[in-house]
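**Student:** Let me give you the structure first, and then I'll get to my questions.
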Amino acid sequence: MRNKVIAGNWKMNKILAEANQFTDDVVKKVPSNDNVESIICAPFPFLSSLVEKTKGTKVKIGAQNMHFEEKGAFTGEVSPVMLKDLGVTHVVIGHSERREHFAETDETVNKKAHAAFKHGLTPIVCVGETLEQREANETMKHIEKQVRKGLEGLSEEQVASTIVAYEPIWAIGTGKTASSEDANEVCTHIRNVIKDAASEDTAEKVVIQYGGSVKPANIDELLTQSDIDGALVGGASLEAESFLALVEAGTK
Ligand SMILES: O=C(CO)COP(=O)(O)O
C-alpha cells in the first residue's frame, strides 16, 4: 500500500508572519498517522523559518522550484545544494505555471529531477494537459511524453521515489475539478507509462497526486480512486484548517 501524500503549493502568497502562523497551527494539529505525509511547498524566503518550526514533526517543507546547477552565475536562482542545506526535503518541478511563464521544458524538468536526487531532495514532477489538448484527444500522448522525458535516465530506485503530480491545466485555480474518474484514468496511464519505461514493481511504488481545484469537499472522492495517492493543492492549502482537513482525508 502506498502512503497518501498531501502537498500544499502556496505559489506566490503570504508574508513571513502568515507563513509562520500557518505552520504553528498545522504542526499542533497534524494527524500522527503513518499512512499520510504532509508537505508545505512555500516561497524561498520562508523556507528556513518553516524548516525550524517543523523540526521533529510530521510536516515536511518543500520548495516550488530550483535551478539544476549546484552554484554559479545564475542571478536570482536557488540551487539544490542551498535547499538541502536548509533542511528542505521536497521540490516541485515543472509546475505548469513555470512551464508557461518561465520557459520550463521537459528537458529542464529532467535536469532538475536528476539534480534533486543527486542532492537528496524528493522531486514532485508536475505534468498536465491544456484544455485544447484535452479537447483534441491529445491528453494521453502529451502526458506520456512529459512523463518519459521528465524521468529519463533516472534509476529504478529514483523513479520509485519520485512523486508525480497530474495537474490538468484547465482545472488549476478555475474551480473546475476533473471528475475523479477522469483524473484516475490519466493517473493510471501515468503508472502504465512508468511500468513500460521502468518496471511494474517500480511503477507500483510511485506516488501519483492529482492537482487542480482540490478542496476538503472533493478530496475524499479523489482519494478513493485506484491510482490517486494524494493531492497537490493550491488555493485550499492557504488556510491551516483547510490544509489540515485535506491531510485528515489522507488518513482514511
Ligand atoms: O496548481 C495547483 C497546485 O500546484 C492547483 O492549484 P489550485 O488547487 O488552486 O487549483
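Glycine is treated like the rest: Cβ placed from N, Cα and C.
All annotation found in TrEMBL is predicted automatically rather than curated by experts.
On a predicted model such as this, the values are computed, not experimentally measured, just so you know.
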**Student:** Quick one: which of S32, S155, S161, S213 does TrEMBL put in the substrate site with N9, W10, K11, G173, G234, G235?
**Tutor:** S213
**Student:** If you count CB neighbours within 10 Å, which one among the recorded positions E167, G235 has the smallest count?
**Tutor:** G235
**Student:** What are the sequence-distant neighbours of G234 (substrate binding site), meaning same chain, six or more residues apart, C-beta distance under 8 angstroms?
**Tutor:** G8, N9, W10, K11, I172, G173, G211
**Student:** I need the CA-to-CA distance for E167 (active site, proton acceptor) versus H95 (active site, electrophile), whole Å please.
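**Tutor:** Rounded to the nearest whole number, the Cα-Cα distance is 8 Å.
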**Student:** Centre the Cβ atoms of N9, W10, K11, G173, S213, G234, G235, go out 8 Å, and tell me which other residues of that chain have a Cβ in range of the substrate site.
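**Tutor:** Everything else in range on the chain: I172, V233, A236, S237, L238.
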**Student:** Which of the binding-site residues W10, K11, G235 have a Cβ less than 6 Å from any atom of ligand 1?
**Tutor:** G235
